[in-house]
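Colleague: What TrEMBL shows for this protein is this:
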type     : residues  : note
TRANSMEM : A:6-27    : transmembrane segment
DOMAIN   : A:9-83    : domain 'Glycine transporter'
TRANSMEM : A:34-55   : transmembrane segment
TRANSMEM : A:67-86   : transmembrane segment
TRANSMEM : A:93-113  : transmembrane segment
DOMAIN   : A:95-168  : domain 'Glycine transporter'
TRANSMEM : A:119-140 : transmembrane segment
TRANSMEM : A:152-172 : transmembrane segment
TRANSMEM : A:178-198 : transmembrane segment
Amino acid sequence: MSFAGLLVMLDYGAVLIFALTGALVASRAQLDPVGFIFMAALTAVGGGTLRDLILGRETVFWVEQPTYILIAAGAALLVFWTAHLFESRYRLLVWLDSVALAVAVAAGVGVAMEEGYGPVIIVIMGIVTGTFGGLMRDVVGNEVPLVLKQGQLYLTAAFGGALMAAGLDWLGFQRGEALIACAVIVWVLRAGSLIWGWKLPVYRPRPPRTRG
Amino acid sequence: MSFAGLLVMLDYGAVLIFALTGALVASRAQLDPVGFIFMAALTAVGGGTLRDLILGRETVFWVEQPTYILIAAGAALLVFWTAHLFESRYRLLVWLDSVALAVAVAAGVGVAMEEGYGPVIIVIMGIVTGTFGGLMRDVVGNEVPLVLKQGQLYLTAAFGGALMAAGLDWLGFQRGEALIACAVIVWVLRAGSLIWGWKLPVYRPRPPRTRG
Amino acid sequence: MSFAGLLVMLDYGAVLIFALTGALVASRAQLDPVGFIFMAALTAVGGGTLRDLILGRETVFWVEQPTYILIAAGAALLVFWTAHLFESRYRLLVWLDSVALAVAVAAGVGVAMEEGYGPVIIVIMGIVTGTFGGLMRDVVGNEVPLVLKQGQLYLTAAFGGALMAAGLDWLGFQRGEALIACAVIVWVLRAGSLIWGWKLPVYRPRPPRTRG
């Protein structure tokens, strides 16, 4: 597969899986089907839209190819009719989100590589693409943002994968390989954090302050 | 009136009415006059700004024509000095918002039509222009977002109107007619929901989960 | 110093100080070091990014010059290791934020002047650049947004300074002088509000409504 083909596949994958998580948040907020579609589409294309705007790309990816939105809408309706089959929707949400994060970080890294940016911008675009869709989902849907969960690897997983990809690219590895390594590392770090509690030390010198 | 003239009128109408709703949220948060202007302007131009950025239009509409901002500021001060005359500011807010939603969806649909986009992008731009100003208002002003109110038509009203406009355009109706039909349908659906409780089925297989 | 040089210095100053405030919010949320970097970078470049997108500048400032991000990351780690030395992190946050606000308003005003915009856009870009980084910090970090604190000058301080700069520019003063006056006025108004309770009258005709 060509590098451009891999990028398109990653974008489609991230859109589909993030859409499922957005719809799950809609189910927790007890919205109607159009609300499911809204939350799914917001989550699915939010990070990539911000990436495209910041990089000044000629056209935002889903404006050029509206199929992305139709996929998100289909995923939303699928969840509307099937979410009750799952015992814990929150657990499902968190695990789907981990896969979407991994795929979207790789998609963001890949676009920045393709446009010829240096390592700092490559890493940032991986993190932006990976995390801002979910962040918008959580802020709009009134959930505690996953990026802020204490004692879990989330931003760190995204950062680790994006950094690895930038490093492999710099070392001369093929870009396709770098992206796949990136997605694997993000997911392994995130999954390890969810299962075995892997984490970095957090800031905790004293009890948290009350909101001032 | 020309189609371009109708578009400008819709943009001015949406800015004015959304500004009033932003100022009402500022009154509920007990801000000072500059706070009223900030919330009014954010609500008034938030959705249209996002639309212009996503579509990559050469200039954001209010940067080209700052009168929009002055209108929003005037509306904010009007509310600052008169809001206490209304018995229920929240009721006024919700009803003004319904009119602003209708006008702004039509404005977004019209711009996307004028720029030559297909039906999916037309519908999305209607929804984005109609809902994101109010969404920013509610997130910043710490209100429960109207788009998330359970058992009310809000996104569905925007979706229905935008879809109708795209359909009428496709059937060969004049664009001006399509936009007016769009605004009417959005408003009727939203008003019917507020008065008679029209709604779509919501997702409610079991009690909502606590925040995880 | 040239006007372009002053602009760059203001951007660096705003990035550095806002980054410190973002990291302090991360400390209140007890995040890990990567979370500190995320909050610091979001706060540091959020307002300027929005300014650059709205003005349609060719490249967002930190994409052209990623050093800004590295500075924000350095500031984040500094706070991670030293924040416990301060008796009141919230007090430190508020005061640093007042300096960052002053510098960032001047930076936004300066960019809009340099691009040749009129007084309305100059004032707005000052306010946007000054306030949106902190607003994103507070919304994502789940703090009460400083822009919404009742009975304090915040938006008004930004507005006053930006208006003064636009006025001095119009009267024929040198732009560098106008920017410095702008920063001084913003900071004095904000500091006076924090110390002596300077404020504008707020809207308070009756007790606030409960969320509807």
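Yeah, the Cβs are placed from backbone N, Cα and C, and that goes for glycine too.
Bear in mind that TrEMBL entries carry predicted annotations, made automatically and left uncurated.
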Colleague: By Cβ distance under 8 Å, which residues at least 6 away from the ends of the transmembrane segment (A:93-113) in the same chain are close to it?
Modeller: 3, 6-7, 10-11, 13-14, 17-18, 20-21, 24-25, 28, 47-48, 51-52, 55, 57, 121-131, 133-134, 146, 154, 157-158, 161-162, 165-166, 169, 175, 178-180, 182-184, 186-187, 190-191, 194
Colleague: Can you name the far-off residues of the same chain, 6+ from the ends of the transmembrane segment (A:152-172), with a Cβ under 8 Å from a Cβ of it?
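Modeller: That would be 101-102, 105-106, 108-109, 113, 119, 122-124, 126-127, 130-131, 146, 178-179, 181-187, 189-190, 192-194, 198-200.
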Colleague: What is the average pLDDT across the domain 'Glycine transporter' (A:95-168)?
Modeller: 93
Colleague: Given a Cβ distance threshold of under 8 angstroms, which distant residues of the chain, six or more beyond its ends, lie next to the transmembrane segment (A:178-198)?
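Modeller: For the transmembrane segment (A:178-198), the nonlocal Cβ contacts are 6, 10, 94-95, 98-99, 101-103, 105-106, 109-110, 113, 126, 130, 151-154, 156-158, 160-162, 164-166, 168-169.
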Colleague: Counting by DSSP secondary structure, give me helix, strand and coil numbers for the domain 'Glycine transporter' (A:95-168).
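Modeller: Secondary-structure composition of the domain 'Glycine transporter' (A:95-168): 59 helix, 0 strand, 15 coil.
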